[in-house]
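Marked as signal peptide by Swiss-Prot: 1-27. The heme c 3 binding site annotation in Swiss-Prot covers HIS87, CYS195, CYS198, HIS199, and the record cites sequence analysis as its basis. Feature annotation from Swiss-Prot assigns heme binding site to CYS115, CYS118, LYS119. The Ca(2+) binding site annotation in Swiss-Prot covers GLU201, TYR202, LYS250, GLN252. Residues or ranges marked as heme c 5 binding site in Swiss-Prot (evidence: sequence analysis): HIS264, CYS303, CYS306, HIS307. The heme c 4 binding site annotation in Swiss-Prot covers CYS271, CYS274, HIS275, HIS382.
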Amino acid sequence: MMKKMTGKSFALSALVAASFMAAGAMASDKTEPRNEVYKDKFANQYNSWHDTAKSEEITDALAGDPSLVILWAGYGFAKDYNAPRGHMYAVTDVRNTLRTGAPTNAEDGPMPMACWSCKSPDVPRLIEEQGEDGYFKGKWAKGGPEVVNTIGCSDCHEKGTPKLRISRPFAERGMEALGTPFDKASKKDKQSMVCGQCHVEYYFEKKDDRKGFVKFPWDSGTTVEQMEAYYDAIEFSDWTHSLSKTPMLKAQHPGYETWKMGVHGKNDVSCVDCHMPKVTNDKGRKYTDHKVGNPFDRFDETCATCHSQSKEFLEGITKERYAKVKELKARAEGQLVKAHFEAAKAWEVGATEAEMKPILTDIRHAQWRWDFAIASHGVAAHAPEEALRILGTAVDKAADARVKLAQLLAKKGVTDAVAIPDISTKAKAQAALGMDMDKMNAEKEAFKKDMLPKWDAEAKKREATYK
């Protein structure tokens with residue numbers, strides 16, 4: 001039987017508990033998440049990294065291409081999708097997007113904790129403190145007061161040093177699946193692998209013992225066909241399309257994979273060579289520019305170190321490639337949008353699951369390939385031939401689906417063309433899907449007003465205990 005605690009013993013217990021709580025709040029031994037800690041020791045790198053804040057403009061990708069709303073019907077990207085900005089905005093943008101919803105508490109909202117995984121050095125800190133089981137458990141809102149420092153120093157570097165590291169266990173496992181463990185890689189390979197922690201295709205596992213864990217689908221390789229076969233084998237889907245009822249795959253941003261396929265990757269030209277070149281400060285000292293950006297903005301330090309052609313010549317070639325990719329992208333989207341509406345019509349007139357299965361497989365594969373190509377930001381520069389090849393197969397598979405749909409619809413007595421609603425603007429496309437955008441936007445504004453100040457206050461209090 002427990003003895004009754006005296007006032008003195010109770011006070012001592014409280015003191016011990018408080019000390020443990022304080023210790024638990026300390027920054028990790030391996031990870032210092034606060035980027036500003038390094039602003040003096042690595043001033044040139046810090047200041048250039050901070051310049052990624054100069055990409056203030058928000059580009060609404062759905063407004064620029066309303067077909068995307070239909071292609072992602074039933075998924076968060078149909079609500080909101082902006083072009084990516086600089087690293088300084090990683091936490092801000094994931095907080096503000098409609099995709100993360102408007103949670104009112106730590107257990108609320110549509111998205112899992114895994115949605116923070118590439119946004120902050122607080123992520124490796126949390127994994128080190130809680131283990132992957134603890135980190136990945138729960139909803140996105142659980143991480144709100146914890147994940148507050150944007151992508152920065154400790155994501156790519158060992159604590160307090162320039163030495164490169166992979167800071168996320170799931171990325172380490174991905175590299176090992178390719179037979180290229182980080183600790184045995186060359187310096188050049190490591191310069192791209194640190195980018196490949198996040199600029200990759202990934203998915204959230206659904207197994208009970210690993211539910212919500214991030215995984216790279218590289219067990220069979222990194223081509224679009226190899227990953228497609230992997231997903232099919234495990235019967236994985238990101239969501240079910242609200243029109244066609246297709247079990248869909250959403251490509252993320254497989255920049256690392258497509259870079260490997262292109263001429264630069266094959267010739268050992270790293271991400272850093274083109275996007276973070278060595279530059280000289282006003283004292284004549286060289287350092288790595290951490291304002292990740294377009295190589296043409298620093299042509300002499302990037303392209304000109306290998307190419308003898310002029311900036312105008314190389315820019316012209318790149319623009320031509322972008323134009324060709326954009327043209328084939330639009331053709332694939334046109335076929336896919338029609339396929340989704342035609343599939344919806346087929347269900348409406350009594351199509352069976354057995355009749356629809358081969359059609360939905362074609363739609364699934366076509367859109368996965370289209371998405372893989374367009375979500376690879378920079379693919380027209382990294383691997384234009386591969387982008388065009390993939391988009392060509394997307395067009396073919398979408399066309400195959402539509403031929404099968406035409407035959408099935410005719411069998412069901414539908415011989416006229418299936419009507420497509422007006423989706424000429426983002427608003428019209430969302431209205432065609434019955435999306436209540438006014439309600440979503442109002443809820444998001446309330447979340448930003450009510451929850452974000454609480455998250456920031458809690459984070460500030462916790463970080464005040466750091467040494």
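Glycine is no exception: its Cβ is also placed from the backbone N, Cα and C atoms.
Annotated features, which come from Swiss-Prot, shown on the structure.
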{"residue": "CYS115", "record": "heme binding site", "contacts (Cβ under 8 Å, 6+ apart)": "VAL94, THR100, TRP140"}
{"residue": "CYS118", "record": "heme binding site", "contacts (Cβ under 8 Å, 6+ apart)": "ALA90, ILE151, GLN197, CYS198"}
{"residue": "LYS119", "record": "heme binding site", "contacts (Cβ under 8 Å, 6+ apart)": "ALA90, VAL91, VAL94, VAL147, THR150, ILE151"}
{"residue": "HIS199", "record": "heme c 3 binding site", "contacts (Cβ under 8 Å, 6+ apart)": "HIS253, PRO254, GLY255, TYR256, CYS271, HIS377"}
{"residue": "GLU201", "record": "Ca(2+) binding site", "contacts (Cβ under 8 Å, 6+ apart)": "PHE216, PRO217, MET227, ALA251, GLN252, HIS253, PRO254, GLU257, PHE372"}
{"residue": "CYS274", "record": "heme c 4 binding site", "contacts (Cβ under 8 Å, 6+ apart)": "HIS264, PRO295, THR302, CYS303"}
{"residue": "HIS275", "record": "heme c 4 binding site", "contacts (Cβ under 8 Å, 6+ apart)": "VAL292, GLY293, PRO295, THR302"}
{"residue": "CYS306", "record": "heme c 5 binding site", "contacts (Cβ under 8 Å, 6+ apart)": "VAL269"}
{"residue": "HIS307", "record": "heme c 5 binding site", "contacts (Cβ under 8 Å, 6+ apart)": "LEU314"}
The rounded CA-CA distance in Å from CYS195 (heme c 3 binding site) to TYR202 (Ca(2+) binding site) is 14
For CYS198 (heme c 3 binding site), just count the other CB atoms lying within 10 A of its CB, please. 22
Write down the Cα-Cα distance for HIS382 (heme c 4 binding site) and LYS250 (Ca(2+) binding site), rounded and given in Å. 21
Quick tally, other C-beta within 10 angstroms, CYS195, CYS271, CYS303; top of the binding-site residues is CYS271
Enumerate same-chain residues with a sequence separation of six or more from HIS87 (heme c 3 binding site) and a Cβ-Cβ distance below 8 A; give 'none' if the list is empty. TRP49, THR52, THR150, ILE151, GLY152, VAL292
Cβ-centroid neighbourhood (8 Å) of the heme c 5 site, HIS264, CYS303, CYS306, HIS307 excluded: VAL269, CYS274, PRO295, THR302, ALA304, THR305, LEU314
In angstrom units, rounded to an integer, how far apart are the Cα atoms of HIS382 (heme c 4 binding site) and TYR202 (Ca(2+) binding site)? 19
Check each residue in the chain of TYR202 (Ca(2+) binding site) that is at least six apart in sequence and keep those whose C-beta is under 8 Å from its C-beta; list them in sequence order. PHE170, VAL214, LYS215, PHE216, PRO217, GLN252
For the binding-site residues listed here, LYS250, HIS264, HIS382, which shows the highest count of neighbouring CB atoms within 10 A? HIS382
Around the recorded heme c 3 site (HIS87, CYS195, CYS198, HIS199), other residues with Cβ within 8 Å of the Cβ centre, ordered by sequence, are CYS118, ILE151, VAL194, GLY196, GLN197, GLY255, VAL292
